[in-house]
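Per TrEMBL, the features are as follows:
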{"type": "DOMAIN", "residues": "4-131", "note": "domain '1-deoxy-D-xylulose 5-phosphate reductoisomerase N-terminal'"}
{"type": "BINDING", "residues": "10, 11, 12, 13, 36, 37, 38, 123, 125, 204", "note": "NADPH binding site"}
{"type": "BINDING", "residues": "124, 150, 151, 175, 198, 211, 216, 217, 220", "note": "1-deoxy-D-xylulose 5-phosphate binding site"}
{"type": "DOMAIN", "residues": "145-228", "note": "domain '1-deoxy-D-xylulose 5-phosphate reductoisomerase C-terminal'"}
{"type": "BINDING", "residues": "149, 151, 220", "note": "Mn(2+) binding site"}
{"type": "DOMAIN", "residues": "260-376", "note": "domain 'DXP reductoisomerase C-terminal'"}
Ligand code: NAD
Ligand code: MG
């Protein structure tokens with residue numbers, strides 16, 4: 001029986017995680033759940049999974065939740081960052097599913113690692129902002145860190161049993177998102193609804209916009225660099241619009257190992273939860289005979305400027321990826337709220353990165369302060385767009 005905390009249980013990854021838990025009550029048990037504002041869904045999850053602890057965004061929501069609790073055992077209710085950390089380090093928890101969106105995932109994930117919990121990591125922003133520190137913490141604590149992101153799960157599955165020095169290249173695949181075939185000129189006019197209309201994956205709003213700008217792939221390149229400890233020049237991105245091959249590893253002998261499947265996050269989530277075993281997920285089996293083609297090509301870095309910015313931030317290193325991530329979070333929010341056009345996202349990130357000189361980060365606290373600086377600078381620059 002594996003005992004779990006799910007951070008971000010009401011989100012897209014959180015809900016899929018709980019579907020797997022519900023399908024395997026003999027294997028998984030929920031200790032703690034955290035949500036943002038979606039109390040209705042959280043109440044349903046409380047009655048289905050009976051956690052010992054739940055946490056919501058703030059004290060007002062916690063008070064509202066107390067009045068909505070279903071009959072039965074009453075969970076401890078917490079709020080805010082304390083609640084996230086309380087859930088992450090709960091003494092009964094063995095594994096924390098980190099499925100909060102954005103840099104808000106940093107502290108609870110770091111706390112979980114320090115408390116000796118294994119991590120199923122969906123929150124890619126954690127490794128983007130503080131990859132070297134996190135990997136050091138993981139090594140120091142002797143915990144396991146399993147990727148949930150589908151590309152990284154694919155690499156993880158393709159790398160098992162191999163020596164890292166035998167890796168020639170990691171090839172991350174990208175769907176290309178809703179604007180794969182939209183000319184740059186037309187990207188000036190696309191709407192929020194257009195950007196949220198992802199062809200292959202159903203995900204939270206922030207990552208869906210990141211997929212449309214291809215910042216998501218940029219974040220994933222940085223994530224892969226830290227997870228698999230590879231030189232960034234060895235990480236390639238191929239656009240693969242069918243999203244059937246989830247990523248590949250090429251070895252020095254010319255052999256390439258890939259992982260394939262129907263695009264459904266339940267598969268990589270389940271593997272992170274049940275590793276090294278595999279459990280049923282209900283994911284639609286892959287029928288290769290029904291596919292007309294699997295195609296691959298290089299991304300257009302002029303059109304998908306955010307991907308180039310991620311490479312630039314990674315090359316600058318140190319604090320730059322954290323600043324890029326902070327600016328991206330502000331920009332995506334501003335785009336979703338109709339304050340800036342789609343192409344304003346990359347422009348705001350460029351201006352924020354241009355205002356920053358990369359410097360060394362030696363603690364998670366320093367990362368949080370650079371994150372705060374990046375957010376404040378991006379907000380200050382918003383009116384200049
Ligand atoms: P989502 O927006 O659907 O859900 C986010 C969850 O976190 C919700 O429960 C929300 O209430 C909670 N949350 C958000 N901000 C919070 C805050 N400041 N404090 C406390 N709780 C907060 O997002 P998602 O699509 O499930 O993505 C979660 C993470 O997983 C992201 O980092 C994303 O990049 C990554 N990821 C998602 C997918 C996917 O298919 N959805 C795939 C790969 C990686
Ligand atoms: Mg992904």
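The backbone N, Cα and C atoms fix where each Cβ goes, glycine too.
Curation plays no part in TrEMBL annotations; they are all automatic predictions.
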Give me the DSSP three-state residue breakdown of the domain '1-deoxy-D-xylulose 5-phosphate reductoisomerase C-terminal' (145-228), ordered helix, strand, coil.
44 helix, 11 strand, 29 coil
Could you measure the widest C-alpha to C-alpha distance across 124, 150, 151, 175, 198, 211, 216, 217, 220, the residues recorded as binding 1-deoxy-D-xylulose 5-phosphate, and give it to a whole number of angstrom?
19
Winner by Cβ contact number (other Cβ atoms within 10 Å) across the binding-site residues 151, 220:
220
In sequence order, those binding-site residues of 12, 149, 151, 198, 216, 220 whose CB lies under 6 Å from ligand 1:
12, 149
Binding-site residues compared (10, 12, 38, 216) - highest count of Cβ atoms within 10 Å:
216
Spatial neighbours of residue 125 (NADPH binding site) that are distant in sequence (at least 6 apart) but have CB under 8 A:
101, 102, 103, 105, 106, 219, 325, 329
Nearest of the binding-site residues (12, 36, 38) to residue 124 (1-deoxy-D-xylulose 5-phosphate binding site), judged by Cα-Cα distance:
12
Which binding-site residues of 12, 38, 149, 151, 198 contact ligand 2 in the sense of C-beta under 6 Å?
149, 151
State the three-class DSSP label for residue 10 (NADPH binding site), counting H, G and I as helix, E and B as strand, and everything else as coil.
coil
Cβ-Cβ distance under 8 Å to residue 149 (Mn(2+) binding site), same chain, at least six residues away:
121, 122, 124, 220, 223, 268
